[in-house]
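According to TrEMBL, the feature domain 'Methyltransferase small' maps to 45-159.
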Amino acid sequence: METPYTDHLSDTDYENVYEPSQDTFLLLDALEIDLKFIEQELKPNLCLEIGPGTGIIITALAKRLSSTLCLAIDINRFATCATKLTAQRNGAEVECICVTADEEIRDAKSNLVHSWAGGKHGRRIIDILLAKLPEILSPRGVLYLLLLKENKPEEVMQALTKLGFKSEKLIERRIPGEYLYVLKVRHRL
């Protein structure tokens, strides 16, 4: 998969939006590993990225899956704007939606804080998503979930099993200061 251009973004943009880093590129690598499955078997009607930052991931998918509706949602209006600009710069169609956050997140001092893991084991938002996953992931759907070692991936996988999902570590990588994983999550059939 082609990595989208981000030369339209400035240092000022990165004061408010998570700059693409090794975790971004690990997720991109994971999707590339699974691209044949995504294109030939999954054939998604809809792709949704939660917390797109600059929009590299959803833009790369939108370019490959031109007949798929690609959506990006974020609580950070700067991220939704950056994502829209990244899609336009790369000739892709991505719909961006800025959603409201709860009071605790709204009171944060910086938009960039929103892009970092929070809560117990850094899983506050992840745990909310997992609890709602049985309702929101289509029976054929797949969730690609980027986790840090501190997020306790084994616990996440156990929780997913209890919710009726199967999960596998699609790719993992040690980078300076972190160990990252991408899980592939599907309904058990």
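From the backbone N, Cα and C atoms, a Cβ is placed for every residue, glycine too.
Remember, TrEMBL labels are computer predictions, not curated facts.
DSSP places the residues of the domain 'Methyltransferase small' (45-159) in helix, strand and coil in these numbers: 57 helix, 22 strand, 36 coil. Each residue in the domain 'Methyltransferase small' (45-159) has a pLDDT score, and their mean in this model is 88.
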